Every structure is written in structure tokens, then in C-alpha cells.
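If you check TrEMBL, you get these features:
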type     : residues : note
DOMAIN   : 162-284  : domain 'Fatty acid hydroxylase'
TRANSMEM : 12-34    : transmembrane segment
TRANSMEM : 63-86    : transmembrane segment
TRANSMEM : 116-138  : transmembrane segment
TRANSMEM : 153-173  : transmembrane segment
TRANSMEM : 232-252  : transmembrane segment
Amino acid sequence: QEERLWDAMKITAYVLGTGLLIFTALMNSLSWYVQSIWDTSGHFCQTAWLKFYYLLEGQERTIFLLGAGLVPGLAFWCFNGILLVADVTGKPTFITRYRIQLGKNDPVDTKKLRQAIYTVLCNQFFISLPMLLPMFYIMKWWGNTFSKELPTFRWFLVELSIFTLIEEILFYYTHRLVHLPLLYKHIHKKHHEWTAPIGVVSIYAHPVEHIFSNTLPVMTGPMMMGSHIVSIAAWFSLALITTSISHCGYHLPFLPSPEFHDFHHLKFNQCYGVLGVLDYLHGTDTVFRQTKAFKRHRVLLSLTPLSESIPEGPKRAE
């Protein structure tokens, strides 16, 4: 018995050790390769940043609002503009054939969509944008937000990891909070009007929810790290595009899987987080793990829709 246990431990240590060495080697190689590309373009980026900085005569508040407000806003609407064409017209079929909830939003209700876009614009212009002003002054007090030297690629990856971790923690718990019956009725129910979500409704929410659950979790990381405005612009843009993918309703090839959050909109009491780590720890994904949606929750590496390769089973007769 002891010999078997010892052999099992040695095999486990060998497998884990070998895997760790291979993973470290691959990450170092990939990091070096990406860093070399970054260094090659670094001079161009550095020069472009300085030109932009001096073009605006070092007006840091203006630079901050453009970087943290305009750039992510353009990223959000450019990405969702493509999705909206598919939502409204049902074309191109290259996108619509990857719909998760078949038969839903086919096409989308235009009256409901107009209301959603109006709310999203109000949240962006009257909540997100004004929140950037106190963030600017916190960043000025905290660190070198406007350093004339851009951060290294490796440091940006470190920041990105920390931003993601902080967002996961804050979003998960604030999201569960607004699912409490009283808060859900008066605040979060608005977001759940869309049981089959589309990309633009990722920030379709009550103003209170938009502040505490959508915006602050994304802002907190850069404020804690005293990040450069270029890092902030990249992180905000990435966060908006990622949440748009999670809500888009299409499981598109080579993009992150939206099955997890789509299931949340379908069932309401599962899958509260972004990455799913806290859902696993708290057991708020147990129902999801028993579904076909969980089997489809992976990056699609082919052109065959997962709704075809892993279809839902026949519905039981009531």
C-alpha cells in the first residue's frame, strides 16, 4: 500500500514538474517573442506617444479623458456596430449561424433595441465619463500616469493580470449583491430584461448598477497600480470588448466563449463572475456544469457552430 502511494506521488511529481517546466519554457519563449515585436515597434510607439502628448501641450486632463473615455468608447461602438448589423438584419449568416439561443433575437426587437441603446449612451455620457474626472485626480496623486516613457510589454502583462483579478473579485460580489431580491427588483432587473442578450446590452443597466458593478471594478485596478494612461486605455477597451463578447449571443470562432454569461441571462441564478473561478469556489456554477452549454464553453477552433456539433437534447414533454 505504501509503495503504491509512493509510486503514485513520484509519478504525480514527475508529471507536474515536467508540465511546469514545459509551461515555463513556452511562456518565456512566447514572452520573449512578443517582447521582441514590442521592442521593434517600441520606438514608433514612443515617438507617437510623445507627439500626441506635445500636440495637446501636455494638458493631462484632456489626454486622460481622450485615452480613458474616447478610445474605449470607439472600441465599444465599432465592435458592437458590426454585431448590431447582424442582430437587426439577420445577415451576414457567417455571424448569425453561431447564435447561442436559437430562435431568439432573430431579428432583434428594434423598439427594445432603441431603448437599450438610449440607456447605454446615457450610462456612457452621464455616468462613465463624469467618473473619469475623480479617477484622473486620484491617478495624478497616486502615480506616474503621464510618464513620457511608455511601460514595457511585460509590465503591462503584469498589470493586466492584476486588473483582471481585481475585476473578477469586485464584479462577482457586487453582481451577487444586486441579485438579492430587494436590489434585484429595483436595480438589476433592468439588465435582465434581456434573457437572450446582445452585445450592446453589456452596459444596459440601472445607473446604480453601472457605477458599482460595471465601472468601479474596471477602474479600481489602474487606480491601485498608478498605471500609465496608455495601459488604462488598452485595459478599458479590452474590458468593454470582452463584456460585449460575453453578451453578444453568438459563439463565434476563435473568440472567447460567451456561453458562461449567456447561461446567467437564461437562468438568472448561475454564473455570476467573469472568469468563473469564484463561481466554482462558491458553487454557483453547479447547474451550468451539468448542461450542454458547459460542454460548449470553450474557444471554437473550427467553423462548425457548437450548437450543431453539441446540440441540445430533445425537450421533455410536460
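Positions of Cβ are set from backbone N, Cα and C atoms, glycine also.
Note that TrEMBL annotation is computational and uncurated.
On a predicted model such as this, the values are computed, not experimentally measured, just so you know.
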- Task: Sort out the residues at least 6 away from either end of the transmembrane segment (232-252), same chain, that have Cβ-Cβ distances under 8 Å to it, and list them.
- Result: 67-68, 71-72, 75-76, 79-80, 83, 86-87, 95-96, 98-101, 104-105, 139, 145, 156, 159-160, 163, 167, 194, 196-203, 218, 221-222, 258-262, 265, 274, 296, 300, 305-307
- Item | DSSP helix/strand/coil residue counts for the domain 'Fatty acid hydroxylase' (162-284) | 86 helix, 1 strand, 36 coil
